[in-house]
Amino acid sequence: MIRLQNIEKVYRTDTVETLAIDNITLDIAKGEFLSIMGPSGCGKSTLLNIIGLLDEPSKGSIRIDDQDTSRFSDQQMAKFRNQKLGFIFQSYHLINDLQVLDNVELPLLYRTSSAKERRQLATEALEKVGLSNRLKHFPNQLSGGQRQRVAIARAIVGRPQIILADEPTGNLDSAMGNEIMDILINLNKNDGTTIIMVTHDENMAHKTHRLVRLFDGSQVQ
Amino acid sequence: MIKHLFTLIWNKRKHNVLFLSEILISFLVIFAVFSMFVFYYLNYVKPSGFEYERVWSISYNNPLKTKDKDTLATFYKQVRSTLTALPQIEELSFSSHNYPYSNSISTSGFSYKDKKLIGVNFFQTDEDYCKVLGINVIEGRWFKKEDGLMKNNYMIINASLKKAMFGNETAIGKYTGEDKDENRSLIIGVIDDVKTTGDYWPAGQSMYKMVDSGAYEWLGIMLLKVSKDADAAFESRLSKILAKAIPNSNIEIKHLTETRESKNSDTVIPVIICSIIAGFLIINVALGLFGVLWYNINQRRGEIGLRRAIGASGSSISSQLVAESMLLATLSLIVGFFFAIQFPLLSVFNVPPQVYLIALLMAIAFIYLLVIVCSLYPGRQAAAIHPAIALHEE
Ligand SMILES: Nc1ncnc2c1ncn2[C@@H]1O[C@H](COP(=O)(O)OP(=O)(O)OP(=O)(O)O)[C@@H](O)[C@H]1O
Ligand SMILES: [Mg+2]
């Protein structure tokens, strides 16, 4: 499903060069639930962004779904992200000026869909995360766990094959974190969604199929 | 997408008040300035209706104490022949004080049957006025010398007055006023509109009557058409001749070309001042808009990063931001439109409605242009925001 080959990422600023990813090769199978762990600054987010086509590797190639993404134009990448990928972030990244339902509908606005269809898919997605009673709320009227569930609903509303989650439980207490984790596990089990999750929590990581540890940009396990 | 943007704008309405009011105010200012431009422009492109080149005006005071018509007539007949004997003077006409580009106006009512117009310009002239100013007669004829000997109830009107009063019918042979009226005048001619108040003002509706010899008592203007070789030397000679012919009179010779310029600058200078002020205002507003948009984009980096992540390309980000500003501008313009449309509906300041309508369209186009120009660059900057970095920031 996803094949990273000799990925390297160097950040260059005027004075320093940071090697954030150092020659990582990784295969992720369809339907796999993979977790990535490692100390702060070891390049987890960078790796996830590269897989998510939000950032370009300095070296190496990525194939997703048997497509060489390095040749994609900006438009093609946008389309690819929209159709195949779902993102979940530690800090939710909800649009505070939009109601829950409108937030969840967002990805569908970037593809051809009718208003009715959008409404329906978004409502379904929110049902899946157990938030069907909060459709008209604004994000700042929700708890952290609820916000993250909205973000998950937004990530799954377009039925992506791959979900990329960067510390989805990082801002939540363990009870809330477990709830979110359960949703992700169900998604992986029931819908066969491939999930790649960055986490700091060993317990969470052990609930996944495979754990990849990074240290200083390299894979150590 | 439009609906989505509307939702977004609506939910942020408090945040957008500044933007909306800036647009509204600049729209109203632009509308006012454009109305002025259009009004003056539409008048400007109309022909002046006469020739002002080589026309000199001479103002004088009648030095004679007598009221006797014959004495007056004889005296001014003498003045006329003294002047017309000069080879440089091609034509000469006596006129009331409201000759073209003068600062005097004289208006009166004009009625035909039961229709009455007020504020009609009233000129008192003689048989040579038309020749001095090269005015074109459309219908009928100009005054003849003999008309002065008659009971003097002939009248000539301009095209605007004719159109307002008689429409497509002919005006020639019609009597003004009511049937019983002693002072009814017979319309004998229709002439082209003459823009007497400068190039930027409408000619208005005008009527012309011939002076009778009694009028010499108060007449104070002679208009001369001079030949090409009438130079400064001739002017000073003329001034001496006049001083002798009309003694004890304050004689002043002016060239209509110069009077015209000063009359026009009475209009143009305020317009320039208004335009400069409006221009500064617009620059301010443009910078303001630019700033607001720029600020908004920096406030919304997270949102922009997110949109990129869920499927927006760089160009769709920038077009979204431009579209948002256009929608906001549209909201302001709708409000502004309701104010502005009152002007043509109520014919405010007696300005023709088409002036306001043209200005309205121009102002709308201008505002959209301004908003597009001000949002293009911030939009491009937004498109250039790196999604990974923007998402990392919060
Ligand atoms: N835009 C950037 N410019 C320069 N250096 C960067 C940039 N983004 C990340 N880095 C550097 O790359 C390295 C990896 O960063 P990354 O965000 O991937 O770490 P991380 O493993 O996600 O850490 P954390 O667990 O704290 O989120 C860090 O040393 C960081 O300083
Ligand atoms: Mg990170």
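Keep in mind that glycine also has a Cβ here, set from the backbone N, Cα and C atoms.
Remember, TrEMBL labels are computer predictions, not curated facts.
Owing to the predicted nature of the structure, the values given are computational and were not obtained by experimental measurement.
Listed in TrEMBL for this protein:
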| type | residues | note |
| --- | --- | --- |
| DOMAIN | B:50-196 | domain 'MacB-like periplasmic core' |
| DOMAIN | B:276-387 | domain 'ABC3 transporter permease C-terminal' |
| TRANSMEM | B:20-42 | transmembrane segment |
| TRANSMEM | B:268-297 | transmembrane segment |
| TRANSMEM | B:326-349 | transmembrane segment |
| TRANSMEM | B:355-377 | transmembrane segment |
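Beyond the ends of the transmembrane segment (B:326-349), by six or more residues, the same chain brings 2, 5-6, 9, 16, 19-21, 23-24, 27-28, 31, 35, 355-357, 360, 363-364, 367-368, 371-372, 375 to within a C-beta distance below 8 angstroms of the stretch.
DSSP labels the residues of the domain 'MacB-like periplasmic core' (B:50-196) in these numbers: 33 helix, 46 strand, 68 coil.
Mapped onto DSSP classes, the domain 'ABC3 transporter permease C-terminal' (B:276-387) shows 101 helix, 0 strand, 11 coil.
Residues belonging to the domain 'ABC3 transporter permease C-terminal' (B:276-387) score a mean pLDDT of 90 in the model.
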